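Please read the structure below before turning to the comments.
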Amino acid sequence: MTLASPVLYVVICGASNAAGSYDFIADTIDDGWRVCAITTPMGARFVDVAHLADLTGHPVRSAYKNPADPDVLPRADACVVAPASFNTVNKLANGICDTLAAGVVCEAIGDRTPIIVAPWLNRALAGHGAYARSIACLRAEGVCVVLTEQTRPDRPRHDPGGSFPWAAVLAEVRGLPAARAGKVTGPPISR
Ligand SMILES: Cc1cc2nc3c(=O)[nH]c(=O)nc-3n(C[C@H](O)[C@H](O)[C@H](O)COP(=O)(O)O)c2cc1C
């Protein structure tokens with residue numbers, strides 16, 4: 001990993017499996033990405049923030065900066081939201097930017113930065129109509145949504161459990177244009 005490496009934002013929500021992001025991030029760093037971890041405020045309770053900062057070499061941001069503060073993160077070439085909570089999935093689909101994490105991803109949707117969203121939630125939430133609409137909306141915006149039997153919105157009362165699809169998310173990251181072509185960064189945007 002060098003300053004010329006493509007930049008991957010890994011956005012971590014307040015959901016089960018958040019600590020699985022450590023191995024996933026290590027794998028993406030091994031692949032040559034420069035990784036910045038961003039958590040939602042709730043997500044920060046699910047991970048060891050100091051460990052993530054050590055792992056990535058970047059501060060872990062959970063809140064918007066103060067207006068006069070400098071940008072501390074490089075611009076992203078791609079974003080992963082994993083695990084994505086029900087709450088944040090619905091925010092992203094509806095353009096709600098009340099956390100730094102949601103704001104960064106909403107901006108990325110708007111400027112067509114490649115995004116991979118992997119939700120994790122229970123079947124009761126997966127059966128809520130807002131979730132199905134949000135998945136459809138994100139896909140219509142060009143977002144890659146990684147689902148499992150547990151997180152599909154179309155299986156009422158079906159409860160297969162299973163594990164978080166880190167391997168499938170990593171496979172999607174490995175297929176991204178920046179992973180194949182190298183650095184494509186531009187000037188930082190304000191965050
Ligand atoms: C122990 C615990 C586990 C949770 N697991 C999940 C989960 O797997 N998926 C989910 O959508 N919400 C889960 N929640 C609820 C979310 O943390 C809550 O909806 C929160 O508002 C999400 O905020 P965020 O989207 O900003 O991260 C969990 C909450 C707790 C306390």
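Every residue, even glycine, has its Cβ placed from backbone N, Cα and C.
Here TrEMBL flags 9-123 as domain 'Flavoprotein'.
Helix first, then strand, then coil: DSSP counts for the domain 'Flavoprotein' (9-123) stand at 45 helix, 23 strand, 47 coil. If you average pLDDT over the domain 'Flavoprotein' (9-123) in this model, you get 97.
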